[in-house]
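Inspection log for the structure reproduced underneath, given as structure tokens.
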Amino acid sequence: MKLLTLLSHLPGFWVHHGGNPDIVALEMDSRRVASGSLFFCLKGFTVDGHDFAEEAVARGAAAIVAERPLSVDVPVVLVSDSRRAMAILADAFYGRPTHRLHLIGVTGTNGKTTTTSIIEQIARKTGKKTGLIGTVHIKVGDRSYPAANTTPESLILQRTFKQMVDEGVEFVAMEVSSHALHQGRVHGCDYDVAVFTNLTQDHLDYHGTMEEYRNAKGLLFAQLGNRYDERRPKFAVLNHDDPVSQYYKHMTAAPIVTYGMREKSDVMAEQIRMTAGGMAFRLCTPHGSAAVETKLVGSFNVYNILAAAAACLASGFSLETIAAALADVEPVPGRFETVDEGQNFTIIVDYAHTPDSLENALKTVRQLAKRNVYVVIGCGGDRDPSKRPLMAQVAVRYADVAIFTSDNPRSEDPKQILRDMEAGVSAEIGKHVTIPDREEAIRYAIGQAQEGDVVLIAGKGHETYQIIGNDVIEFDDRAVARAAVKERG
């Protein structure tokens with residue numbers, strides 16, 4: 001594609017050093033640049049892509065997209081925001097692939113990963129070839145790849161959508177993070193259904209205030225329904241029990257489907273009960289009601305199921321199809337995942353890393369425990385420090401014993417993070433133990449547990465690494481827990 005043909009899709013730019021070269025690839029990593037590439041200079045938190053423009057040209061870049069003039073001998077496309085320009089141009093370069101997919105986007109603080117997984121599994125049960133983009137992995141049909149971010153950069157995202165289209169995928173569920181929405185990574189994505197799970201405190205290190213965080217999430221609904229196509233009606237699926245839904249309701253032009261358990265909603269759950277294999281309840285919808293059995297547990301998972309069911313109903317699936325598929329839905333790795341080595345107590349690994357998600361997990365654990373509840377919990381470094389005392393307060397309030405430890409401290413001092421946590425529970429000093437080393441903390445909890453107890457290891461879930469300083473070391477809560485049980489005998 002000629003450079004100027006590609007740029008015709010982009011508003012507001014100026015080209016320094018004229019020319020109209022052929023563009024055969026788009027790249028944002030200078031190490032991947034080859035002859036004929038269009039290289040995007042992106043500003044990161046620690047690295048500025050503008051510093052790698054000369055390297056990109058030396059590797060064969062035919063043109064550069066940048067936010068400031070550069071001394072290179074190829075056309076430089078000057079824009080106000082390289083990330084947003086990349087999203088627009090990637091969508092155009094790859095042929096607007098989302099226009100050929102049924103695309104469901106899920107946003108919210110908690111529940112995105114499980115909700116998208118349920119949606120994808122329901123669609124797959126109907127015989128559709130599906131795709132999934134999220135925190136744990138990216139799936140294209142039956143193949144999966146590790147995910148670097150909850151929502152990839154737009155270039156990777158559109159490249160993945162193009163791959164999905166080429167391989168016959170027709171239905172995609174994806175997580176949409178507030179960072180991705182704020183940075184314009186999903187600009188150009190043509191969503192058919194947008195789903196809101198909930199909004200609680202998280203990512204204030206990035207957004208600054210809850211209002212800004214709320215507004216960023218709302219961008220998904222603001223762009224929904226902007227392109228009318230009677231053959232592809234669009235829907236917003238909102239959690240009626242979360243008051244933020246009232247705000248999002250006024251941000252979208254699309255029809256709204258509500259779900260909930262407390263407020264009267266379009267999609268609801270009634271007669272919820274725990275079973276030996278999970279949960280059972282009555283799924284009530286405008287299309288009638290159906291009995292549902294699921295391997296998932298916890299009220300938070302009822303919400304995830306309701307969100308997924310509402311999205312699938314809006315996508316045209318029948319109630320009977322959805323109810324039947326829910327019986328076979330498998331839990332997501334690291335989301336309330338049980339570690340079973342034959343011990344006479346329960347070990348659960350969960351990704352809960354916000355005060356709200358930790359509270360929900362501990363409330364569910366309390367229902368399962370015959371005796372004491374232990375929780376191993378830490379807080380991530382270089383992230384919102386204001387939630388650290390809140391996490392600690394939740395831990396000591398709902399567990400019999402809380403063990404404070406490291407999560408991913410990143411560039412911060414792990415001991416300072418723990419001091420921030422301890423500051424929230426000074427009046428309840430007897431209910432917690434601080435063990436900075438995460439492996440030791442897990443071993444301590446498992447060593448203390450007796451028959452009928454539950455040990456909840458929270459915060460990292462599916463992650464198989466720990467970030468300490470600039471080092472990424474191999475670490476898996478589940479593997480550590482298994483080893484601790486075996487050593488205990």
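Every residue number used here counts from 1 along the chain in the order it is shown.
The backbone N, Cα and C atoms fix where each Cβ goes, and this holds for glycine too.
Note that the structure is a prediction, hence the values are computed from the model and not measured.
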Meso-2,6-diaminopimelate binding in Swiss-Prot involves Asp407, Asn408, Pro409, Arg410, Gly459, Glu463; of Arg383, Arg482, Arg488, the partner in that site is Arg383
Contact set of the motif 'Meso-diaminopimelate recognition motif' (407-410) with the rest of its chain, CB cutoff 8 A exclusive, min separation 6+ beyond the ends, reads 353, 377-383, 417, 438, 459-460, 463, 466-469
Within 8 Å of the Cβ centroid of Arg383, Asp407, Asn408, Pro409, Arg410, Gly459, Glu463, the other same-chain residues by Cβ around the recorded meso-2,6-diaminopimelate site are His353, Gly378, Cys379, Gly380, Gly381, Ser406, Lys460, Gln466, Ile467
For Thr109 (ATP binding site), the closest of the recorded positions by C-alpha position, picking from Lys217, Asn408, Arg410, Glu463, is Lys217
If you rank the binding-site residues Gly108, Gly111, Pro409, Gly459 by how many other Cβ atoms lie within 10 Å of their Cβ, the lowest count goes to Pro409
For Thr114 (ATP binding site), the three-state DSSP class is helix
In DSSP terms, the motif 'Meso-diaminopimelate recognition motif' (407-410) comprises 0 helix, 1 strand, 3 coil
Other C-beta atoms within 10 angstroms of the C-beta of Thr109 (ATP binding site) total 20
Not counting Gly108, Thr109, Asn110, Gly111, Lys112, Thr113, Thr114, residues with a CB within 8 A of the CB centroid of the ATP site are Val106, Thr115, Glu175, Thr197, Asn198, Asn304, Ser357
